[in-house]
């Protein structure tokens, strides 16, 4: 699933292309992708809306439109939102095509069909269920070391599932959670309440640094991710543990292990990330 750095990379590529263009029409090839409003209203409402800005909240892309509307897009597991020349044939698994006033198109494709799109009044955006439940943005000022320390002290959960909880920290997923825990030398099964102040400080810095590094390298492409221009990311070349089972830990040389934690595959180093 695209995580914060990948969604931010898509946002930045589309922000460079879309503002000022109008959506002249939309072709919906898989109606279940559109969650609200009803399909005919969706098509009618979005027609001739001008694109003002491309934003992001957690893993949601937010395309602000004229007349007080916002197009919210969640890519889920394999979704893609790509700016295409009008003559480009749609890629396989393309489900929605937005026609633009410059003759180009915006294609939403999703092999696994889990991605979703909403068109809502901008002033009602915070009431959208998935968005209103989101936690703090980890690259913004509200996410401080003290905030993390306070929250971990009151949450009786294992650290890896907690980092994946979008109501706690918005945008973290399996890749960057595994990498952050490895960099901070914390086992994914540790209870959050047992982390020392020094470990919390390392984890805080690891989360911030890794997300920024991911953005600077245009995201991580393990299998499916491409940005708004159709280009793969580069950060997979720098991963230390994720998807590296059996390979040597870059820090100590022990073999990277894999196990299920909270129902999710977790990659870690048994030596650097010992259970305490």
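Placed from the backbone N, Cα and C atoms, the Cβ positions cover glycine too.
These come from Swiss-Prot:
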- 2: active site, schiff-base intermediate with DNA (ACT_SITE)
- 3: active site, proton donor (ACT_SITE)
- 59: active site, proton donor (ACT_SITE)
- 264: active site, proton donor (ACT_SITE)
- 93, 112, 155: DNA binding site (BINDING)
- 240-274: zinc finger (ZN_FING)
Can you tell me which parts of the same chain pack against the zinc finger (240-274), counting only residues 6+ beyond its ends and a CB-CB cutoff under 8 A?
158, 160-161, 164, 174-175, 178-179, 181-183, 185-189, 222
Go through 59, 112, 155, 264, our recorded positions, and report the one whose Cβ sees the most other Cβ atoms within 10 Å.
59
Using Cβ atoms only, which residues of the same chain lie under 8 Å from residue 93 (DNA binding site) while being at least 6 residues apart in sequence?
109, 110, 111, 113
With the DNA site defined by the record as 93, 112, 155, how many Å span the farthest pair of C-alpha atoms?
40
Tell me, which recorded positions from 3, 155, 264 are within 10 Å of residue 59 (active site, proton donor) if we use the C-alpha atoms?
3
Cα of residue 112 (DNA binding site) to Cα of residue 264 (active site, proton donor): how many Å, rounded?
18
For residue 3 (active site, proton donor), what residues in its own chain, 6 or more apart in sequence, show a Cβ-Cβ distance under 8 Å?
59, 171, 172, 173, 174, 175, 176, 214, 220
Inside 10 Å of the Cβ of the residue listed as 'active site, schiff-base intermediate with DNA', count up the other Cβ atoms and send me the figure.
31
Give the distance between the Cα atoms of residue 264 (active site, proton donor) and the residue listed as 'active site, schiff-base intermediate with DNA', rounded to the nearest whole Å.
16
Fill in the CA-CA distance, the residue listed as 'active site, schiff-base intermediate with DNA' to residue 155 (DNA binding site), as an integer in Å.
26
Just give the helix, strand and coil counts over the zinc finger (240-274), going by DSSP.
0 helix, 12 strand, 23 coil
Across the zinc finger (240-274), what is the average pLDDT of the model, as a whole number?
98
